[in-house]
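J.: Pasting in a structure now, in structure tokens, and then I'll have a few things to ask.
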Amino acid sequence: MAKTVSELSFVNASLIESRSGRRLSKKEDSERPYGLSDKTLGHMLSVMQGFDMELEPEKIQDYDNITAVCHSNQEAIVGGCPSGLLIIWKNGNRAMHYNCRSSVNIVTHGQKHARIYAGLETGEIVRWAYTKDNNALIEITKHKAGVTHIILFEEDTMMISASRDGKMYFWYLTAKKKPIEFHEHQSEITSLQLHDDETKFLTSSIDGEILLWSLEIIESIHVLHRFRGSYGIEHIELNGNTFFATDTKGILAKWSLEDYSVLHSVELPSKVVSMCKSNDRRYLFLILQSAIEFSIKVVTIDKFESEKIFTIPNAHTQQVNAVRAVPKGNKVITSSKDGSIKIWDFDEKYDTYLVINRNIDINCIAANESLNLIVCGDTEGKVEMYTLGGKKLERELKTVTKCEINTIAFTNDLKYVAVGCEDQRILLWHAKGFAKEEWIVFKEHSEGITSICISLDSRYLISASSDRTIKIFDIVYQRLEKTLSSNKSDDNSGRGEVAGHKKDVTDVKVTKNYIYSSGADGFVIIWSIKTFAQLKKFEFGQEITTLCPSIKEDCFAVGGKSNVIKIWWDFMHVPYVFDAEGHEGDVIRLIVYGEENFMYSIAKDCCLKIWSLDQGLILFSLKIDEMVNFYVPKEQRLIYVVLFSKENNISTIKKVQNPLFGDNITIYPPHYSYFFKTYVKKIQSHETKIYDSYWQDYMIFPHCVNLAYSFIFANRPNLLKQSFAQGMKFLKSKAHESPLSWALFRNNSQCADVILKKLSKISLKHQRVIIEAVEKEMNQLISRNLTCLPLLYENLFEVLTENVDAAGKLKKKAPMIAISDDRILCQDDFFDRSSSLHKKEFLEFRMSLCRFQLELGSIESLKLLGSITDCHNSELFKTQLLKAFLTFKWRQNFYILILETLLYCTNLTFLTIFVINSKSGNQSGILSILLLLNSLNLIQNGTKCYYSIYRFFRSTWNILDLCRLILSFFFIFYQFTAENPEDFGLELLTLCYWLKAMGYFRIFNKYRYLLRVIMEIIKDMTPFFLILFTSTIAFAILLCVSQDGISFYNSFVNLYLLDQTNFVIKLDSFENDIVFFLASLLNPIIMLNLLIAIMGDTYDRVQEDQIVADYREMTELILEAEYLAFWRRSNKGLLMYITRCDYMRNLNLEKNQWMGKIKAVKKSLQILEGKFKSTSRTIDSVQFNLLDRFNEVVTQSSILSKRLKDIK
């Protein structure tokens, strides 16, 4: 069926501003992309202009200066103070502490055991086991100077410590062996870092030396390489085959462990106090020494050479002492002189809120925001109602038997709530009121109910059961209407197949026209809701547990004993199956809502995922432990999830804010969302020129936009190009916007061209979102004259090769063009299969991937034709798709043009009769007919002018016709009103009539081209004629001066005749001879030959673009014809696909014409190449001669030098 595009209203215009900050004009507002409402754009603009960059870290406030800090795997935070205090915090509170003998320099925590190792200024190492059963504290003494660093490895069985005197010790923590001493540094060791493979480690000292040590053999630890810095090294941080080092001057350098060189360095404002890297090695966190700015500096490790260091301001109120990464997650902790410890979480948080908590297994739920109700059924036959806030109502619905409740559904009119039970019954209660007894009971199934659904008009209840049947109940008449089972044959198939399911029916859903059922046999069956006949049957391949169709009936999704969700598109015509992969367990439940086709799914991996079916991608994913079921109300603002704890047999219902319909800005994935916001902010402020592919899958909710929108907003076409090259998705926003519509709205042609170039290189056959975006923005794409649009048009016109006959005889003149509302090719419409073999020729079928506005005379069609008329991109008119479109529109409007031409010919005929018989007496009858015909012409022009005055007066033919009408009415009224009428103005009127008559030749191909040549020649001749007449006037004045008794008029006429090589100038004086010589040389010889050259150039130019010129004229004529169909203005636009069938010989002929031009160009290039080689040889010979001369000069110079020496 044909689909229409309705006009969308725009509200809150005050929210919208253009790129310069001004309010949009009415024209700009009307040309906005379809999906972009003012409110949505206003919100999106605010998002793109910057995020709220405030971080709210978890804060632990103490009263001592904390100089050393670390985090354990047991969620404990350990801090050390200069006073010797060693503190452990748990859950934000001080859990225990210990007073050491001296200042604590370093603290670290064991990764396997709950043990703390602290290095003291007096040289001791304190090992504190702080578990409940063991709170022992051991002091290890060996160092004679303050311990500066400690590292643990080999599952906390070995330790290396370093001190201020340059000594290091290797400790066996479990074996009773003496520590091994190493002393290679001559001054204080400032840093100690273990490599990931635990076979080597790095140390640095204050004298600027960095040592790389081998740890492969414990007994023979030795130095592999010595690095030397310019200044004392303060800190080092290993990162794979590189490491970062900071010195006392504040220089941060990146070193290579492969060639032992400095890769890059940056000078910081001051020296670094502390440094650490994130667990995933993406970021490096720095603390600088400062008395004013107490911030955290962040370096993107992979972009260190190209990206600036950014700052997290106001981290503490006093000097920050230390920064350490938390072992799990993307968190870091900092400590400060202000006595506080802060835990910085750079990830987005998705909170869940408790609604219901019950000591029984909740088997199914349904919620409705309009009724403010949650209905849940358990495994013991209880059905309870709660408010959305979790408050239990005094209403427990009675089911009599203690059977398992399998499914719950509300009727669409919200009058009833229906429940399907394991004891074969279906119960209906009034959703409102306080009745506890059921209102209707259906008991027609022989086994348990597995699923129920309600038709959209709330009349039918459809149920599925383990007895392999589907039953349709009439709620109004409270009776069984139909049973769908495997007991009867499928009459529609004609092959005697068995209808229905062969195993348990697991799920059933209903839309406006279809019933969908799935079974344990792995099949999905589509039934007609009107006739209850089986229409289609699809195989899933595994046992199906859930299915859900789209409300638009364009697809349905199926899940079951597999981690793959299958989506069938266009299932009633040519099905296309898409596999949605993302879950790691069997799929439990699917829900599809809205025109946007959002799908919600959960699986046994306890992940809740939100999908965009149109785009075939995951928008959002949230893992909730112990999740077994969920429900999403139609409003989609909240998601209710059911959790079941097997340990204590407790079911919990929690609610989660749906990020797609929330009010707050949410980033997904949540990892490093703060730094994603920072990157977006850098893009907007043009602080970065680097595309970071790490962020390409990130999305901003609730708008559902990605970085492409930000690049377009900031006018960064290079970044947009890089992003698409590296896999950035063409994402449709929740408001049906696209990067293409966003670029067009921003008047960002460069970004729009980048998008079109990318789309022209990929297969668009199943890219529904892209096709939809192109269809909506078709008018703007054409009118913007984008350079890459022709490439996209060629990609949108697909050559059909599958299931297509290669040869045939067309029924009509080639090319045959047909339109359809779906992409199904019916070859019988184009040729007769029974035609004889010798009449068949090779054919090519093409079908458009997008739809065009093809309703004759509709507003949408006029807009599309107007945008094509305004297009200055000549290459677009050469594309096969636009040719097919214009050819179809030409045939659609051809008879309107013929009728218009016949009307004008009638008018011209009567004028000619009047002119011929103008001296023969009264012709009032002919004048009356002319008045009537010109009145019809006036109405005709009025229909053109009514739609667009600007476009009307832009056409030369319209202006000429308007002048003709004015002269006609003036002449006719003059003839009727004057007592003695004369033929005043008849010559000019006749000229206008015949000039306008020439315009109607444009409806024929051959004449259209000639008229185009004439018009272009006249345009190009305008400057020439200006110069020619200036020259003629100048020589006419000279002739007046040189020849006595001649007027300027006669002189000008004589010179004009001279221009035409017919002169009557008297050559009776020398002055006249000079004027004649100069005038004849300049005007007839030079000027007229120049005119011939101009005409030749114009002809060549028009000949080169003959196809373009032809289709331009065709477009203008089509538009004029559609103006006349004013009675069809109210018709809604008709979006249809275009199919073209043509003989291969016609296509090859067009290619051969181009090949001829290409050969001519190649020949010219070969001639130029020969000239270039000749010139190159000449240059080589000149260079050779110059070299010889230079050598001679050098020889003579050496001889002279030798003679000078001899003389001395």
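Cβ atoms are placed via backbone N, Cα and C, with glycine included.
Bear in mind that TrEMBL entries carry predicted annotations, made automatically and left uncurated.
Relevant sequence annotations retrieved from TrEMBL are reproduced here:
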| type | residues | note |
| --- | --- | --- |
| REPEAT | 140-171 | repeat 'WD' |
| REPEAT | 182-223 | repeat 'WD' |
| REPEAT | 313-354 | repeat 'WD' |
| REPEAT | 442-483 | repeat 'WD' |
| REPEAT | 498-537 | repeat 'WD' |
| TRANSMEM | 894-916 | transmembrane segment |
| DOMAIN | 895-1105 | domain 'Ion transport' |
| TRANSMEM | 959-978 | transmembrane segment |
| TRANSMEM | 984-1003 | transmembrane segment |
| TRANSMEM | 1024-1049 | transmembrane segment |
| TRANSMEM | 1074-1094 | transmembrane segment |
J.: Which residues, given as numbers and ranges, are at least 6 beyond the ends of the repeat 'WD' (182-223) yet have a Cβ under 8 Å from it?
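T.: Tertiary neighbours of the repeat 'WD' (182-223) are 148-151, 153-154, 158, 160, 162-170, 229-238, 240, 243, 245, 247-248, 255, 257.
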J.: Give the nonlocal contacts of the transmembrane segment (894-916) in its own chain as ranges (CB under 8 Å, at least six residues past its ends).
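T.: Those are 923, 926-927, 929-930, 933-934, 936-937, 940, 986, 989-990, 993-994, 996-997, 1000, 1003, 1117, 1120-1122, 1124-1125, in sequence order.
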J.: Can you break down the repeat 'WD' (498-537) into helix, strand and coil residue counts using DSSP?
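T.: Each residue of the repeat 'WD' (498-537) counted once, the result is 0 helix, 23 strand, 17 coil.
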J.: By DSSP, how many residues in the repeat 'WD' (182-223) are helix, how many strand, and how many coil?
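T.: With helix first, then strand, then coil, the repeat 'WD' (182-223) has 3 helix, 21 strand, 18 coil.
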J.: Count the residues of the repeat 'WD' (313-354) that DSSP assigns to helix (H, G, I), to strand (E, B) and to coil, and report the three numbers in that order.
T.: 0 helix, 21 strand, 21 coil
J.: In the repeat 'WD' (442-483), how many residues does DSSP call helix, how many strand, and how many coil?
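T.: So the repeat 'WD' (442-483) is made up of 0 helix, 23 strand, 19 coil.
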